[in-house]
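According to TrEMBL, the protein carries these features:
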type	residues	note
BINDING	C35, C65, C68, C74	[4Fe-4S] cluster binding site
Amino acid sequence: MLQLSYQSPQVTAVPVQRAAAREDQDGPWHTEAVCRRDEAGLFFAPSKEPTAARLSREEAAKRVCARCPVLVQCREHALLQPEPYGVWGGLTAAERRVVLARRRRQDIELKKAQSAA
Ligand code: SF4
């Protein structure tokens, strides 16, 4: 099992929990993940990470995601699970919560509109 550490910039593989979920739920799209070749330690916070370091790490992770050919698949996977931690598909956990809340509101409004018609 791959152990991730923010202190270890030599990590070059996707975290085990990511790879397993991707294979099981969404097919082999994770094999195209850019983060398999980059510093996977960027994507998950070490314990007690200071805010400035977290923001810097998350921005670095998002830059990796921005050049990833499976960004959309990764993001949807993380939203559907939902994945509670880490940067997935260029979104932090907090950003994914916002997207999910927006989708829930849109679903409610759509159902209201359908029942009123
Ligand atoms: S979008 Fe980001 S987290 Fe997702 S597979 Fe690509 S590089 Fe990894």
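Including glycine, each Cβ sits where the backbone N, Cα and C put it.
In sequence order, V34, C35, L71, C74, V87, G89, G90 are the residues of the chain that are 6 or more apart from C65 ([4Fe-4S] cluster binding site) and have a CB within less than 8 Å of its CB. Within 8 Å of the Cβ centroid of the [4Fe-4S] cluster site, not counting the listed residues C35, C65, C68, C74, the chain contributes A33, V34, V64, V70, L71, W88, G89, G90. Cβ-based neighbour count (10 Å, all protein chains) for C35 ([4Fe-4S] cluster binding site) stands at 25.
Counting neighbouring Cβ atoms within 10 Å of each of the binding-site residues (C68, C74), the lowest count belongs to C68. C74 ([4Fe-4S] cluster binding site) falls within a helix when secondary structure is assigned with DSSP.
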